[in-house]
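**Q** To start, I am sharing the structure in question, which I have written as structure tokens.
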Amino acid sequence: MIDTTLPLTDIHRHLDGNIRPQTILELGRQYNISLPAQSLETLIPHVQVIANEPDLVSFLTKLDWGVKVLASLDACRRVAFENIEDAARHGLHYVELRFSPGYMAMAHQLPVAGVVEAVIDGVREGCRTFGVQAKLIGIMSRTFGEAACQQELEAFLAHRDQITALDLAGDELGFPGSLFLSHFNRARDAGWHITVHAGEAAGPESIWQAIRELGAERIGHGVKAIEDRALMDFLAEQQIGIESCLTSNIQTSTVAELAAHPLKTFLEHGIRASINTDDPGVQGVDIIHEYTVAAPAAGLSREQIRQAQINGLEMAFLSAEEKRALREKVAAK
């Protein structure tokens with residue numbers, strides 16, 4: 001189902017949601033951190049989704065073990081490097097990794113700015129080693145409030161040339177986008193792109209707000225757009241992309257089953273929507289699974305899957321020249 005003549009991308013992928021269970025085990029031992037299990041086999045049910053979670057917040061608790069073992073900046077550097085290694089192993093040509101340095105720093109009170117620097121270093125070294133092209137998206141974790149998001153923003157701005165875009169993630173219902181207008185004004189002043197998690201836990205009004213008030217060029221998940229025909233028309237007309245994450249939306253109980261997922265309808269409506277993983281380490285999936293198992297189960301035809309693959313590159317936060325070069329590089333292989 002993957003067209004090997006086209007670039008394969010993953011533009012909604014959380015770096016801090018893709019920490020290998022084996023790495024959690026090893027870092028736990030290295031830093032004497034108490035884990036819920038002492039073997040890989042018994043640890044996996046604690047750090048990966050085995051059955052669908054009742055809601056998004058329950059799903060997010062699975063991520064916590066991954067960041068609890070980040071006891072040093074070297075550990076942060078390691079997981080960033082391994083994210084690129086994983087991307088290469090799964091055949092990705094281009095990946096946008098998003099991360100919340102405040103979340104990664106929290107368990108061991110690491111310096112937030114230091115986490116940003118460590119992630120940049122690890123990703124840079126991974127790209128050199130494995131030949132994958134990557135860009136970084138800074139996440140503000142709204143769940144921790146405006147002040148914590150401000151701290152994350154300042155850390156990103158200290159490395160503004162290595163950050164491509166700003167995102168807002170976390171508790172969408174408890175912390176609406178309206179609380180973060182000034183943060184996104186500064187992001188646009190820095191020349192960054194904007195993508196926002198919206199329409200996952202909250203309704204279509206959250207997506208409208210992300211676009212109109214925060215300046216979103218892309219929407220993370222965006223499943224609730226299906227409830228608003230005018231919004232779907234607007235997304236198609238303005239070419240505002242939806243970063244679809246099929247398996248994730250089932251595991252968080254955002255969508256009941258793959259057959260009911262709105263991605264097929266979005267594509268039929270002319271919306272620029274792509275296929276992505278979200279938190280592959282926690283979900284126990286990879287991009288190949290999303291294309292070859294999840295997308296057909298969601299009712300997508302072979303041509304629709306190919307269109308979603310094309311959309312992934314078109315939506316990417318790359319210049320027209322960078323996109324052309326990537327297309328030519330893949331076609332030449």
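Each Cβ is built from the backbone N, Cα and C atoms, and glycine gets one as well.
Source: prediction; values computed, not measured.
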**Q** Given that Swiss-Prot annotates H14, D16, G170 as substrate-binding, name the residue from D86, D279 that shares the site.
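**A** Answer per Swiss-Prot: D279.
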**Q** Quick check on the annotation: Swiss-Prot has H12, H14, D278 binding Zn(2+), so which of H108, H183, H193, H197 does it put in that site too?
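**A** For Zn(2+), Swiss-Prot names H12, H14, D278; of H108, H183, H193, H197, the listed one is H197.
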**Q** Looking only at Cβ atoms, how many others are within 10 Å of the one on H221 (site 'Important for catalytic activity')?
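**A** Counting Cβ neighbours of H221 (site 'Important for catalytic activity') within 10 Å gives 28.
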**Q** About how far apart, in whole Å, are the alpha carbons (Cα) of D278 (Zn(2+) binding site) and H221 (site 'Important for catalytic activity')?
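**A** The separation of the Cα atoms works out to 9 Å.
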**Q** List, in sequence order, the residues of the same chain other than H14, D16, G170, D279 whose Cβ lies within 8 Å of the centroid of the Cβ atoms of the recorded substrate site.
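**A** Going along the sequence, the neighbours appear as L15, G17, L60, L63, R98, F99, S100, Y103, I139, A169, D278.
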**Q** Checking the contact step here: among the recorded positions H12, H14, H197, E200, H221, which have a Cα within 10 Å of the Cα of D279 (substrate binding site)?
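**A** Final answer, ordered: H12, H14.
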**Q** Within the same chain, and leaving aside H12, H14, H197, D278, name every residue whose CB is within 8 angstroms of the centroid of the CB atoms belonging to the recorded Zn(2+) site, in sequence order.
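**A** Leaving out the recorded residues gives R13, G17, R98, A169, G220, H221, E243, C245, S248, N276, D279.
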**Q** Measure from the Cβ of D279 (substrate binding site) and count the other Cβ atoms within 10 Å, all protein chains considered.
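**A** Counting Cβ neighbours of D279 (substrate binding site) within 10 Å gives 28.
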